[in-house]
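*Asks:* According to Swiss-Prot, the protein carries these features:
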type: ACT_SITE; residues: 208; note: active site, proton acceptor
type: BINDING; residues: 181, 182, 198, 203, 208, 256, 263; note: substrate binding site
type: COMPBIAS; residues: 88-113; note: compositional bias 'Acidic residues'
type: COMPBIAS; residues: 422-439; note: compositional bias 'Basic and acidic residues'
type: CARBOHYD; residues: 116; note: N-linked glycosylation site
type: CARBOHYD; residues: 127; note: N-linked glycosylation site
type: CARBOHYD; residues: 230; note: N-linked glycosylation site
type: CARBOHYD; residues: 323; note: N-linked glycosylation site
type: CARBOHYD; residues: 328; note: N-linked glycosylation site
type: CARBOHYD; residues: 379; note: N-linked glycosylation site
type: REGION; residues: 36-121; note: region 'Disordered'
type: REGION; residues: 421-453; note: region 'Disordered'
type: TOPO_DOM; residues: 1-4; note: topological domain 'Cytoplasmic'
type: TOPO_DOM; residues: 28-470; note: topological domain 'Lumenal'
type: TRANSMEM; residues: 5-27; note: transmembrane segment
């Protein structure tokens, strides 16, 4: 009797166990929810409700589901902030192309990018045309083209001038002999120079000649140096210069004058003559201004250090040269600043002392010339070691208010040119990669049918040979 009862009891128990096991396999979400429910009871912590299946949700009333709290959907892709905003040229990309994504990750980092990895955010302030931002000079070094370097005092021009004669990769490099201040920079196979600068032709137009002097002097000087048989060919003059933060430049010039520099041999030629002593008086009675204090340096109202960058880049003939009675001061300053901006914008190239690597990048892309060694950014200078208070700094900015406006304009134009050139280069590289991948795909497409036909021919030949043998 007991054995028969055990057999009848065993059958429903096994059936129930089978149903439970099958239910777990058919509905695994129930298992997880049941186990989670048991864990919640043990831990006493509240957990968010599981999202039901669409079938169960369809069976429930609509208003009931609207009242229930819903979990947000899982984010797709990386979280916000992990990558930058896509560039405009990325909008026409094929998002499903894995080769494009892999190659995008292989870009070299910007040497001047911040160490934390965040991209520097540049907000343009001035509106420039595409022509103003696009700078590519078809410099013909074998022809008659000449690069003219306008060297403004204390802007890093000496270092940049040495780069021009010693650091450019050329077919015929400049010949610089030890003990000589000037180098010989001849065109390939000719005895003519392609560079007009302190370290190639010397101060042929005067010590630190400005824009007014160079534009009236350089063409005549180069015609004398050139061969008469080449005078029938056209010649292009490409003017370049370097600018610097006005406060740092002013302090550097003060320290230089304090050590005995004068530049009193400068000609300051304008409209065919040099200024009279009344038009351009000196700030010191002796041979030099050695040991001058910063206060004395700033107190001289006709100190040429004031707004030097604007004066050396402007066309002084527009304001009567150095004759301050030619027009009122306000009108004179407006004309000088606007003239300096226009001349700077129309130059073939200008660099900034504070951005050495970007200066090198833009020069190389503008003239299609490569430097041998990279430029170095020296942040410790004599000007940086000068400790001045806020009042003295403000006074220097007031004395150089025209240079301050010019530098803001120049820095904005410089940054826009840099980003524009980078963008164009990035687009060209991307187009080149696309073309290479397209050629590879076409090559594979033409190669595979030939291989298939070759394989078919081999199989047919083997089969026929076997039939012959049979």
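The chain as shown is numbered from 1 upward.
Just so you know, glycine gets a Cβ as well, placed from its N, Cα and C.
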*Asks:* Mind computing the max CA-CA distance among 181, 182, 198, 203, 208, 256, 263, which the record assigns to substrate binding, rounded to whole Å?
*Replies:* 22
*Asks:* So how many of the residues in the compositional bias 'Basic and acidic residues' (422-439) end up helix, strand or coil by DSSP?
*Replies:* 18 helix, 0 strand, 0 coil
*Asks:* Compare the Cα of residue 127 (N-linked glycosylation site) against each of the recorded positions 203, 323, 328 and report the nearest.
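*Replies:* Nearest candidate: 328.
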*Asks:* Among all chains shown, work out which of the glycosylation sites 127, 323, 328, 379 has the most CB atoms within 10 A of its CB.
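*Replies:* Going through 127, 323, 328, 379 one by one, the largest Cβ count within 10 Å is at 323.
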*Asks:* Just give me the nearest neighbour of residue 198 (substrate binding site) among the recorded positions 208, 323, 328, 379, Cα to Cα.
*Replies:* 208
*Asks:* State the count of C-beta atoms found within 10 angstroms of the C-beta of residue 263 (substrate binding site), not counting that atom itself.
*Replies:* 13
*Asks:* Among all the protein chains here, how many other CB atoms are within 10 A of the CB of residue 256 (substrate binding site)?
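*Replies:* Its Cβ shell of radius 10 Å holds 17 other Cβ atoms.
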*Asks:* Could you round the CA separation between residue 182 (substrate binding site) and residue 328 (N-linked glycosylation site) to a whole angstrom and send it over?
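*Replies:* Distance between the two Cα atoms comes out at 42 Å.
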*Asks:* What mean pLDDT score does the topological domain 'Cytoplasmic' (1-4) have in the model?
*Replies:* 59
*Asks:* Taking every protein chain shown into account, which of the recorded positions 182, 208 has the largest tally of Cβ atoms within 10 Å of its Cβ?
*Replies:* 208
*Asks:* Quick check: in three-state DSSP terms, what is residue 256 (substrate binding site)?
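*Replies:* Its secondary structure by DSSP: helix.
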*Asks:* Out of 203, 263, 379, which of these recorded positions is nearest residue 323 (N-linked glycosylation site) by C-alpha distance?
*Replies:* 263
*Asks:* Note down the number of other Cβ atoms within 10 Å of the Cβ of residue 203 (substrate binding site), including every protein chain shown.
*Replies:* 14
